[in-house]
Amino acid sequence: MVAALSVILLFQLAGEVVSRAAHLPLPGPVLGMVAMVVALSLSPRLNALVRPTAQGLLQHLSLLFVPAGVGVVAHMPVLAEYGTALALALVGSTLVAIVVGAVTFTLVARLVGSRADD
Amino acid sequence: MTDAALIWSYLASEPLLWLSATLVAYWIGDTLFQKAGRTPFANPVMIAVIVLALVLWATATPYAEYFEGAQFVHFMLGPATVCLAVPLQANLRAIRRALLPILAALLAGSFTAVASALAIAKALGAGPELLASLAPKSATAPVAIGISEALGGQPTLTAVLVLLTGMIGAIFVTPMLNLLRLRDWRARGFATGVAAHGIGTARAFQVHDTAGAFASIGMGLNAVLTAFLAPLVLRLFL
């Protein structure tokens, strides 16, 4: 687990360094993730090493949002003032985006003859 | 000072108290979520946030002091983002087999999520900082928080907006897509992952395995795309 965690942290570290050095819009951890996808595809050994730790961490992914979520206490005035605007923006955009995404997927899949296997 | 005051001043100066409180609050949230039959209305993160917000309010603890302890949990968001590579890589074959529908739905869904949110909020009077906090809300939280910071938004406000987005997606996706008679589980799952990240993905896994797998692909790809797209689209609205 220590080895796996070290590898994960090193990928994040490399991502942060590259993101800052090259002034990229991608956050360091996202770059680290992209590099990790490539590395996992190239090395089954790395895959076997990282997988259990990664799955363990991802199982509790929602716990990790809690500290930032509690930050809502610092934004009560903004939320009170713009509550309706934000609520409408969130509900509207999320529902429209799901429909647009699902319809686009279905139409393009039909167009290129890509079928689900189940 | 009384003993109680001494103990409190020790607890207030150490990260232990708020770190423990964060874990316990999430534990409570998760227990209630399970007890409620895993309904998307009883989101464990939302419950934990409400519990902690009430505790902070009752003890007059400033958020900065709470975060001193909670930062250890918060820190793990970065490594967790890197770990998203594991399910994404495991699904590479499925991605290659449906590459065109995936790319088209990713671009359409991601752009719609950012642009429609900004258009509605701007029309209702939201200012630049609020728009920057709102733009990345469909991406998974660790990524959205990073993007919001880079755009001059409020990362903690973004975290709350991300959370609400996920809950909204999880609550409405199944009845809405049933109503539209869209039956391809890949399309349903993928669109949910793009628009409603991890919370939507968890919901998709409850409904159908294929939907869940495609939702995690959508979430992973949109984490990358939003980082490019959110700054560009935001510029149109400032």
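Backbone N, Cα and C define each Cβ position, glycine as well.
What TrEMBL lists as transmembrane segment is B:6-29 (among others). If one looks beyond the transmembrane segment (B:6-29) by at least 6 residues along the same chain, the residues whose Cβ comes under 8 Å of a Cβ in the stretch are 43-49, 51-52, 55, 61, 65-73.
Residues of the same chain lying 6 or more positions beyond the ends of the transmembrane segment (B:41-60) and with a Cβ under 8 Å from any Cβ of it are 21-22, 25-26, 28-30, 32-33, 66, 160, 163, 166-167, 170-171, 199. Annotation source TrEMBL lists transmembrane segment at B:41-60 (among others).
Residues annotated as transmembrane segment in TrEMBL: B:72-92 (among others). Through the fold, the transmembrane segment (B:72-92) approaches residues 15, 19, 22-23, 140-143, 145, 213, 216-217, 219-221, 223 of its own chain, all at least 6 residues removed from its boundaries and within a Cβ separation under 8 Å.
Here TrEMBL flags B:99-121 (among others) as transmembrane segment.
The transmembrane segment annotation in TrEMBL covers B:157-180 (among others).
Through the fold, the transmembrane segment (B:211-234) approaches residues 81, 84-85, 87-88, 91, 94-95, 102, 105-107, 109-111, 114-115, 118, 131-132, 135-136, 138-140, 143-144, 146-147, 150-151, 185-194, 197-198, 200-201, 204-205 of its own chain, all at least 6 residues removed from its boundaries and within a Cβ separation under 8 Å. Per TrEMBL, the feature transmembrane segment maps to B:211-234 (among others).
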